[in-house]
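To start, the structure itself, in structure tokens.
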Amino acid sequence: MKNITLLGATGSIGKSTLSVVDLHSDKFNIFTLSANTNWQLMLELCNKYQPNYAIMVDESSAEKLSTIITTDTQILSGTQALDKVVAHQDTDFVMAAIVGTAGMSSALCAVKAGKRIMLANKESLILAGDIFMKAVEEFNAELIPVDSEHSAIFQCLQSGRSGLNKIQLTASGGPFLHTPISKFKYITPNQACAHPNWSMGRKISVDSATMMNKGLEVIEAYYLFSLTPEQIDVVVHPQSIVHSSVYYKDGSTLSQLGKPDMRTVISYAMSYPQRINSGVTALDLTNTPALEFYQPDFEKFTCLKLAFETLNKGGNAMITMNAANEIAVEYFLNHQINFLDIPKIIDQTLSAMKHTTPNSLEEVVNNDLVAREMTREIIKQYG
């Protein structure tokens, strides 16, 4: 029986994790659940799973939960509680599924405690990849990616890295793969949020539409698998059946295929090196549409090009790009800038920011805040 500390229990990754736990209550126990403000759903989860701890990051939400809960679950609040519980001696696995910079500290604390971290928090690698991966090595932590493309690479690399030539991340191409660039200016937020294959939140849907999401995954792969930028390739694959591939020097290519469902990835991270039932039915190749693959159009999808340039630049450039993208997408979703403005704003912010190399999470967070403020100033030129 493995004790799981689930950070971000009320989000989509959290819900999928719990659905896998439900199938294997003989193997996994929920030790801790965390959420930000959704105390109503947390109450339901506490009643069902009866964890030792429930953490509401928002203090007032924690107070509301503690006044109404009837189980023996201990209610905690604040980010420091997250940092403590991931390092608890009874925590075996940590599902790090808190979105954004808010999830970095607890993920790093889990690493420093030498836990198995099932990493769904992108920012830990995009913003603090050097810091994070050095800690993984130093504290002998076990890092397993919770992302369909990176999980695919992780699985394909189980045969070893000898003769590894390159990896290839697949991208759906988003809803505008076949839309002429001349029409990009008129794309609306609702159109950008209509992803063809995956059910996602609005921000990540826009990232998929600009292909920034794939650019961020390129940066994650660079750190996760200790690669050079030249060893990372992207191919557009609209069906999202092939999740990623690994190319070897002998001419062999290993790919991981499956239905687009995060439960497959999560169950693999939880059971590794074994495999367990995820609740997802197997792919039927005789009933699968024709698989298409295209080279990405860097002129149409400038954000992907920017991500490769940023990776080559290194230092705080990834922090700046991520911050500028988040602010630009927020303004786009609020109808304050158009779709084509997103990469322009990111590029301008990258040019304006001073280039440094952060050495701590505090420096990373500070750099992130400065980049966000600079992006807001740059956006004032638009509209």
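From the backbone N, Cα and C atoms, a Cβ is placed for every residue, glycine too.
When Swiss-Prot records ASP147, GLU149 as binding Mn(2+), the matching candidate from GLU59, GLU63, GLU217, GLU230 it lists for that site is GLU217. Of the residues proposed, ASN36, ASN38, ASN47, ASN140, the one Swiss-Prot records at the same NADPH site as THR10, GLY11, SER12, ILE13, ASN121, GLU123, GLY201 is ASN38. Each residue contributes its Cα atom, and for ASN121 (NADPH binding site) and ASN213 (1-deoxy-D-xylulose 5-phosphate binding site) those atoms are 13 Å apart. Taking the Cα of ILE13 (NADPH binding site) as the reference point, the closest of the binding-site residues LYS122, ASP147, GLU149, ASN213, GLU217 is ASP147. The two recorded residues, LYS122 (1-deoxy-D-xylulose 5-phosphate binding site) and SER12 (NADPH binding site), show a Cα separation of 15 Å.
In this structure, GLY201 is the one among the binding-site residues GLY11, GLY201 with the smallest number of other Cβ atoms inside 10 Å of its Cβ.
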